[in-house]
Structure formats: C-alpha cells, structure tokens
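Colleague: Right, I'll just put the structure down here and ask away after.
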Amino acid sequence: MQLLRSIHILLGLLTSHRALAEIKNFAIDLEPCRMLQLVSQTHLPAFEEYPGLGDSLGIDLQVLKSLQAEWTTTFDWDAEQADLNRYNHYTTTIEGLTIHFIHQKSSDANAIPLILNHGWPGSFMEFLPLIDPLTTASSISNGTSASNRTSTSFHVVVPSLPGFAFSSAPPANWTLNDTARVFNTLMTDVLKYDTYAAHGTDFGSNVAYNLYNNFNESVRAVHLLGIPFLPLSPDEFPKHNITLDADEQFQENLVLGFSSGYNIEQATKPNTIGLALYDNPVGQLAWMGEKYISYPLYSGCEAEIFKGSDPQAGTPPSVLTHNEILREISLYFLTKSFVSSVFTYAQNTDAYGSIFTKAQTDAPMLFSSFKYSGAFWTEKVVSWVGNLVVYNYHGFGGHFPGLDNPPALIDDIRQIGNYWTG
C-alpha cells in the first residue's frame, strides 16, 4: 500500500509540472431538479418516536421537517449558484488531482496572499462572507504593529479539499499532510506566490498547521481555530499550572461532553454511512445539518445540555441560517462528494497527536477561540506548538465562525498584517 502511494505521488510530481501551468476558469453549473424530487418524496415519521428529547440524542424531527419543507419551497439553488459564480473559480491539476479553488485578488499591490482551509462538514462556502472584506484594504483594529502597517488586505485563495465539492477524490490512503503539500504547490508553483499566510478551521486547521510547520520558507504567518493536538484532560491542567476562568471552564465542559458518534462511524466505517446516504439528500441533511444546528453536547460537570453552535446563530452578524445549511448540504449532494468527504476521517485517525511539539518555524501564529466551538485549547497550550503572538477569545460564535461570527473572524485574520514580514 505504501509503495502504491509513493508511486502515485511520484507520478503526480513528474506529470504535474507540465499541468501546473494550466489554470482553467470554472463556473458552477449543477442541476437541482432530481435532488428536489428526492427531497419531496422522502417520508419522515409523523410523530417523534420518543417525544420530549429535543435534539439531545440527534437532530429534532420537527427541525428536520421544517428544513425539508424549506428546501422544496423557499430555497432557490439557481439563485445560490448565481451568487457563488460572482467569485473567480478555477481548477488546476496537481499530483493527478483536480483541485478547485477561488482566487480573489485585492487591488492593493501590497496585499498578503492568504489561503483559507475548510473542514467537514464545511466547504469553501463557509469563507464567502470573508472574501470581500479581506480583499479590501482596512486598518488593523487590534494588536501591536510589528511592521508599522496601517492597513492590510489579502489576495484570498479558497480551495476545496481533495474529495470535497469540485476537487477530485484522492487515493484511499491520502492524508491531510498530503493535502498540505498539494496546497503549498497551489500557492507557490501554480499561483506563483513566494510567501503567503494560511488560515484553517476544523480539519483545515490541520492543513494550515502542516503548511506552517513543514513549508516554513513560504508560509510566513498562520491563523488557526484549532491545533493538531489533543486537548488536555481535566487532570492535566493542574500539572501545567493552568487555572481555567469561567469562560474557559464552559468551553472545557463542551469538550468533555462532545458527542463523537459521527466521528467514530466515519473513522471506522466511512463506506457504510457514505453509501447509506449517497443518494439521500434528506439523510445527508440530518447527518450533516445537525452539526450546524446543535452539535449536541452533554456536560457531566453541570448535568445540563449545551449546544455547540451559538444560541444567537442566524441573528446578525451571524449568517448561519437555514438557507445557509441547505446550501451546504445541496453542494455535497449535487457534487456527489459525501462519500469521499467522510473518508477523510478514516484516512486521518492519527490527525491529533498526544505529544505537543513546537513547529519548526519562527513565523507568527495567531489563534482564535470561539465560545461554542466544541474544541478548546488554552492560550498556554497553543503557545507550546508555535510562535504564538495573538490569542483572541470570542463569546459569540460556534464551530463555523466564518458563518456564525464573520466580523470577529475577519478582524482576527486581518491582524496577520501586524506581524507580516513576507
């Protein structure tokens, strides 16, 4: 298996040099009719089998019914598709894989190249609220300037991870480290950026950290929402002289009660859940939509139900509405990428290490912690793995802050400009 993987990578490297020069314009053109027929033909139970549970043991039936009804009445894929095509989409071939990406350039000649990396069940679309603000020059509101920059903007690159949306499925033994290598090629060889910054969320944080650590001549700053190391357990905090304040304890309670059933299924039997839901849009909505709606979490410390998504989700400045959820699920279904996306878990069972090691770079690391993320690393812990210069906490926002609290995430990413030396 390892030999086959090495041969695939070698052949890709040998053949991609010629292909890298070819960047193809790309427009999204997906037909929703059959999907909507399947949605309308799906029969859900008339009543809850066990009423009164809400979403404590999975998505609430009434919420799922409401989303199903909206999908076939008020949701308009054609309008959404037209909106998506406002951005500059491209594809290229790297190591034999088709890689889809948005490349939105700033008019500012001094703009910082920036790659935004998504996770599961996200997509490139969770970064759309960030693109226009980040490509527009704006003063940096926080941080101490290390380079006397008064404003900053970015050339924004948003790729689809291999196996997601319009990027082709990778080999079965593909890892996030492989994705990082391909994305570095995208930034340096294809788009010709000598240096750039990286951002990541969910699995995209693993990709961004790998870029930061292993491609440090090119990656000169990173902003993360997570790190590829397991959070500390409660008994480890005192050993490291870490005392949690009230907000941190709340976040820790969310981690302790994280419902990881989907993670176990996708890491061990991705083909089972993948094939079961392959041609079932309402099934995909239940499986993935739940992660946007509630992220059910149980805290044994306080014996009450928490929600991993911010309770203010969907109210300004959040854009995490039912329409956004339906758009995400529609993309997964229409691109037939659900199976390959869940394989990411089985391919990366060792994605989170238990031994904290420092990155091999002095480039600045910035980190944002959102209260309802469902993942939590203290400032001290994050400082163990990189040159941490900024650690921001936000009491509003969940696992998808690009949708749930765009202004905060935009401001935090923009702080890269305070420390950018290129």
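Keep in mind that glycine also has a Cβ here, set from the backbone N, Cα and C atoms.
In case it's useful when we look at the structure, here is the feature table from TrEMBL:
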type     : residues : note
ACT_SITE : Asp202   : active site, nucleophile
ACT_SITE : Tyr345   : active site, proton donor
ACT_SITE : His399   : active site, proton acceptor
DOMAIN   : 36-127   : domain 'Epoxide hydrolase N-terminal'
SIGNAL   : 1-21     : signal peptide
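Structural setting of the listed features?
Modeller: Other Cβ atoms within 10 Å of the Cβ of Asp202 (active site, nucleophile), summed over all protein chains shown, number 22.
Counting every protein chain shown, 21 other Cβ atoms lie within 10 Å of the Cβ of Tyr345 (active site, proton donor).
Classification of His399 (active site, proton acceptor) by DSSP places it in coil, neither helical nor stranded.
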Colleague: Tell me, how many other CB atoms lie within 10 A of the CB of His399 (active site, proton acceptor), whichever protein chain they belong to?
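Modeller: Cβ-Cβ neighbours of His399 (active site, proton acceptor) within 10 Å number 26.
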Colleague: Please count the residues of the domain 'Epoxide hydrolase N-terminal' (36-127) that DSSP assigns to helix (H, G, I), strand (E, B) and coil.
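Modeller: The breakdown for the domain 'Epoxide hydrolase N-terminal' (36-127) reads 30 helix, 20 strand, 42 coil.
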Colleague: In whole Å, how far does the CA atom of Tyr345 (active site, proton donor) lie from that of His399 (active site, proton acceptor)?
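Modeller: For Tyr345 (active site, proton donor) versus His399 (active site, proton acceptor), the Cα atoms are 17 Å apart.
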Colleague: Using DSSP reduced to three states, classify Tyr345 (active site, proton donor) as helix, strand or coil.
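Modeller: In the DSSP reduction, Tyr345 (active site, proton donor) maps to helix.
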